[in-house]
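Take a look at the structure set out below.
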Amino acid sequence: MKLATGLWVWGSLLMAAGTVQPSASQSVCAGTENKLSSLSDLEQQYRALRKYYENCEVVMGNLEITSIEHNRDLSFLRSIREVTGYVLVALNQFRYLPLENLRIIRGTKLYEDRYALAIFLNYRKDGNFGLQELGLKNLTEILNGGVYVDQNKFLCYADTIHWQDIVRNPWPSNMTLVSTNGSSGCGRCHKSCTGRCWGPTENHCQTLTRTVCAEQCDGRCYGPYVSDCCHRECAGGCSGPKDTDCFACMNFNDSGACVTQCPQTFVYNPTTFQLEHNFNAKYTYGAFCVKKCPHNFVVDSSSCVRACPSSKMEVEENGIKMCKPCTDICPKACDGIGTGSLMSAQTVDSSNIDKFINCTKINGNLIFLVTGIHGDPYNAIDAIDPEKLNVFRTVREITGFLNIQSWPPNMTDFSVFSNLVTIGGRVLYSGLSLLILKQQGITSLQFQSLKEISAGNIYITDNSNLCYYHTINWTTLFSTINQRIVIRDNRRAENCTAEGMVCNHLCSNDGCWGPGPDQCLSCRRFSRGKICIESCNLYDGEFREFENGSICVECDSQCEKMEDGLLTCHGPGPDNCTKCSHFKDGPNCVEKCPDGLQGANSFIFKYADQDRECHPCHPNCTQGCNGPTSHDCIYYPWTGHSTLPQHARTPLIAAGVIGGLFILVIMALTFAVYVRRKSIKKKRALRRFLETELVEPLTPSGTAPNQAQLRILKETELKRVKVLGSGAFGTVYKGIWVPEGETVKIPVAIKILNETTGPKANVEFMDEALIMASMDHPHLVRLLGVCLSPTIQLVTQLMPHGCLLDYVHEHKDNIGSQLLLNWCVQIAKGMMYLEERRLVHRDLAARNVLVKSPNHVKITDFGLARLLEGDEKEYNADGGKMPIKWMALECIHYRKFTHQSDVWSYGVTIWELMTFGGKPYDGIPTREIPDLLEKGERLPQPPICTIDVYMVMVKCWMIDADSRPKFKELAAEFSRMARDPQRYLVIQGDDRMKLPSPNDSKFFQNLLDEEDLEDMMDAEEYLVPQAFNIPPPIYTSRTRIDSNRSEIGHSPPPAYTPMSGNQFVYQDGGFATQQGMPMPYRATTSTIPEAPVAQGATAEMFDDSCCNGTLRKPVAPHVQEDSSTQRYSADPTVFAPERNPRGELDEEGYMTPMHDKPKQEYLNPVEENPFVSRRKNGDLQALDNPEYHSASSGPPKAEDEYVNEPLYLNTFANALGSAEYMKNSVLSVPEKAKKAFDNPDYWNHSLPPRSTLQHPDYLQEYSTKYFYKQNGRIRPIVAENPEYLSEFSLKPGTMLPPPPYRHRNTVV
């Protein structure tokens, strides 16, 4: 009670200024309905707002305040007292909303059909400007709708307001006030406000007008006592109990008094029992009663409206524009031929006839010529459809002339003009207003409604079959004595009479327009509407009439139809009925007795007696009655008032209480039975589940089990060396793995989860481990193991050359076409494997492809990858960061990811390679990418790409996902291109392009700077035997080459494998040029017989073996090596390029002569082991076979110019005669060639065991299914990557500066 008293003390200070003023002083302005739309110029937006609402008190419509800057003066809004629609305050930057005098929001129209007051997003994201206070200190009433206050960063005190006191219907669905406003950093209300205020001072306390009222008040109040109730017509509070003390009116304001309705235009006169015109009538205009509607409004009944409804027409009576019901068709004026929109038209034709639909008045002329009726081929106008001429049935007036010189042959009259009343003749055709010429098929005119031809003459000639024209007295149609008639050369009158073409006998002597009683100019006896009849239905018939002269008029609808032989009525109106069909009120028949009709001083209520006559109710009955006494008054419980005596109400109350208790008991029993049945049903379902649980799975999927194994590593086996980078979940270190109980050192990458991350990050971290451990492919990074220390660690193989994006950018001057296309094939094969395993990558890009060696790349970063279930076709992602510029359009719009969306990303990745690390859509804001793609624009064609390569990219960027190629097709397409790379990629100096040395990479050098890798072993070489059930290869011991040796002890023995003509491979996997330079190798399980010693370069040594005819299969004993060496296995990515094939193996393993055959599938390139001992003190690493020490050094030949270049696949112009293996023999290295082998990576090429080489299909199966590689690179934090954008930042309203778009390309 103290709270209420304190508030009312403050509220009393405002009462004097808050009462309703007469409507004459109210300044009314129109509202808007633009919602969040605004003008492009903010200055113009502010000026428009000020122009609308300056000096405005009542807003007839919606008050919308949007997109106003912080420095604008909004003091003009203080004059607004009332809003009939909704109030919208959004997207503004000002601090204070000065609607200090706003009392009531009526909510006749709601924002989003729900809110009468909506205030949101009123702050500037990149600044400190925003709405801080709501100056609504006098707002006390919202009649309809709820309140929405949200996302106002700096707004204070809104959460202290008692909104239930303001909103008339405070349902939970109408109230929204969330914590995104600035409530946490705001001050407290003044102590006199008791916790509810609009601002910090005592002048901003909220005034309560409903929740503090006494129970007896049925509305607002101005104090806590019973005597302080406001009048029931008050809204928003009051200063006293009268209807003139209201702050605002619930319904209408009549000169300062709040009333239920405005004084009506007609009032019931109890003396005459008639509705009479009320001279004190007023019209409803919004919530006000006005004597006269505004000049731009019209009167409809007793209201001011903007336009008449479709069933009424606007007329002016006594200087007042009013809406009157249309007697027939509401008028519509149209332009005639030669006027207005038809100024250039010469006739009515098929191109313009539709413009005359529903026309009642033709402003101009109607002309019918042969080019309109039968068509105009010259102007490509078709003949008119005769049915369309019926549009003229609505025409009542033609202000000009009617010219008919052509008519459809199947129409014998002009009945389409049956409603034509007047031909004005304001424009004449050679002095004529009606012209009908040479219409041979016309038999009658049938202008049955024509009453006047205001000006001009009549010309009707040469109509050989026209009759009835001679019966008409044409002069009765004329308005002046100067008008003439020319009617000749039509059908003779006697011929018409002979054929019975005469007027109906009911027509008078004035004539007729055609046959039948409806064509008479006037009737001989009686008429009903337009039809002449013999007599009226006075005593019989379906409906009864009375005679009004010669016109039969139907009796009033309130007259009861009498028996045959008795009159139903004596005249017009309900007071001339013989008997009433419903009730009789005085002399008038009415549909019901008056019930609440407004009288001169009060409302009229009557009841009907047993004779159905109406009598007045007792004066105490204010809601109607059933009889003459006060005990017969009608009582409505919801009004809160009763005129029944107390003794009459007691039984009703008792019956209501008993009935309510009975209903409550029934509801309680029903609820108990429902709960019991539900419990029993649940127990039965659980019993059935337990019975069948161990019998068979409930939902067998049929999916094969994932038998991938996860290696758990101890923390003591790992040593962290150097930080490589930081990611969203943790940090990546370069490290060393020393397996427990062994002496080998394996370089690895260690990804450690941050200690501050939560459980969700741990789950996502392990999900990534699951996916990486399940993948097994030479071009996918796979997990080596997991260390379950307090901070989870993922251990992967260390990639020595970093990501492909940085690699191509660093070596763009040394990368040729062959290598680019090889990478395209490898990435496609990796993605094809993912598609076979039903895994969607979702983040394929050049930054997520790592380089193990220049010839071998691997796909990594499975942080966004998702496995699909057996029956899933797509994955729908939740919110989060996304690489927008690499994503397909369906991913951006619907977050729907499929294998075909990965194809889109693959196309962007290829574009990055072909531009040597170019940024896609560089300079374009990420938020503009979706619109750009929808308009058809794509990445431009890279300069080095031919149209063949670019079209493959374009196919990857098709909007329809099903139209994009599959990864299998992409792998095959780029394999075909890789066989002839210079045909598809045009790179200047491609023939002389030198592949960068594996050790030249900056990333690789940084890895080697801090750790001695002398004893390092690659992770794959350590782990592969555990993944293959194939015999381990046998190796010879490795020694150093004596650089002073110049002779060869033995020539290399021959061995065979399918090879290209431009290189050969030793049996250990090494490569050599035509000059015979040895390459890194690994031994196979077979030995080869010795060959004769060759002189000079090693190429000469091979000449003998090449030309000795058929070579034989080598046989030699095995040599055992240590266990660490036996872990090494064949690299799955070894392949033999197919340019210039020399031959193929026969059944015994020998090479057959070369012959034409189809090109083999493009296989994976040879891969080096990046971690071997480096050269020290200028010494060259020795080949393992000591017999190479006898090689002699001869003078270099002219073709030795390539000897110092890296030897990779498909990079040589010359071809070697044949390919041979070398075993147990030594090649000498010429002095000039020593430096070609400074890079230790060149000494470590490997091939699979011989059994694998003899079966290429077997090799391909293993390389696809079992080999896997690991990587230690982690993707950077998503928020730091500018190519990622969150879902929220793509919403409308996100403001980003639009940099110039330098390269655009459009796909048609």
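Note: Cβ is positioned from N, Cα and C throughout, glycine not excepted.
According to Swiss-Prot, the protein has these features:
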type	residues	note
DISULFID	C29-C56	disulfide bond
CARBOHYD	N138	N-linked glycosylation site
CARBOHYD	N174	N-linked glycosylation site
CARBOHYD	N181	N-linked glycosylation site
DISULFID	C189-C197	disulfide bond
DISULFID	C193-C205	disulfide bond
DISULFID	C213-C221	disulfide bond
DISULFID	C230-C238	disulfide bond
DISULFID	C234-C246	disulfide bond
CARBOHYD	N253	N-linked glycosylation site
DISULFID	C262-C289	disulfide bond
CARBOHYD	N410	N-linked glycosylation site
CARBOHYD	N473	N-linked glycosylation site
CARBOHYD	N495	N-linked glycosylation site
DISULFID	C536-C552	disulfide bond
CARBOHYD	N548	N-linked glycosylation site
DISULFID	C555-C569	disulfide bond
CARBOHYD	N576	N-linked glycosylation site
DISULFID	C580-C589	disulfide bond
DISULFID	C593-C614	disulfide bond
CARBOHYD	N620	N-linked glycosylation site
DISULFID	C621-C633	disulfide bond
TOPO_DOM	674-1308	topological domain 'Cytoplasmic'
MOTIF	676-684	motif 'Nuclear localization signal'
BINDING	724-732, K751, 797-799, 843-848	ATP binding site
ACT_SITE	D843	active site, proton acceptor
MOD_RES	Y875	phosphotyrosine
MOTIF	1032-1035	motif 'PPxy motif 1'
MOD_RES	Y1035	phosphotyrosine
MOD_RES	Y1056	phosphotyrosine
REGION	1117-1149	region 'Disordered'
MOD_RES	Y1150	phosphotyrosine
MOD_RES	Y1162	phosphotyrosine
MOD_RES	Y1188	phosphotyrosine
MOD_RES	Y1202	phosphotyrosine
MOD_RES	Y1242	phosphotyrosine
MOD_RES	Y1258	phosphotyrosine
MOD_RES	Y1284	phosphotyrosine
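Taking the disulfide-bonded residues C246, C593 in turn and counting surrounding C-beta atoms within 10 angstroms, the largest count is reached at C246. The Cβ of C580 (disulfide bond) lies under 8 Å from the Cβ of Q558, C559, E560, P574, C589, V590, R612, each of these being in the same chain and 6 or more residues away along the sequence. Closest by Cα distance to C205 (disulfide bond), from the binding-site residues L724, G730, K751, M799, A845, is G730.
Among the recorded positions N473, N576, N848, the ones whose Cα sits within 10 Å of the Cα of C555 (disulfide bond) are N576.
Between the alpha carbons (Cα) of N548 (N-linked glycosylation site) and K751 (ATP binding site) lies a span of roughly 106 Å.
The glycosylation sites examined here are N181, N410, N548, N576; by Cβ neighbour count within 10 Å, the least packed of them is N410.
Ranking the recorded positions C189, C289, M799 by C-beta neighbours within 10 Å puts M799 at the top. N473 (N-linked glycosylation site): 11 other CB atoms within 10 A of its CB, across all protein chains.
Under the three-state DSSP scheme, N576 (N-linked glycosylation site) falls in the helix class.
Classification of M799 (ATP binding site) by DSSP places it in coil, neither helical nor stranded.
For C197 (disulfide bond), the nearest of the recorded positions by C-alpha distance turns out to be N181; the candidates were N181, C262, N495, C621, C633.
Cα separation, N576 (N-linked glycosylation site) to C593 (disulfide bond), rounded: 18 Å. Closest in space to C552 (disulfide bond), of the recorded positions given as C189, C238, D843, is C238, taking the CA atom of each residue. Taking Cα separation as the measure, C614 (disulfide bond) is nearest to D843 of the recorded positions G730, M799, D843, A845. Counting residues per DSSP class in helix, strand and coil order gives 9 helix, 0 strand, 0 coil for the motif 'Nuclear localization signal' (676-684). The shortest Cα-Cα distance between L724 (ATP binding site) and any of the recorded positions C189, C221, N253 is the one to C189. N253 (N-linked glycosylation site) has none of the recorded positions C29, C230, N473, C621, M799 nearby, counting only those with a Cα within 10 angstroms of its own Cα. DSSP assigns N848 (ATP binding site) to a helix in the three-state reduction.
Counting in whole angstrom, C536 (disulfide bond) lies 66 from C221 (disulfide bond) by their C-alpha atoms.
Cβ-based neighbour count (10 Å, all protein chains) for N848 (ATP binding site) stands at 26.
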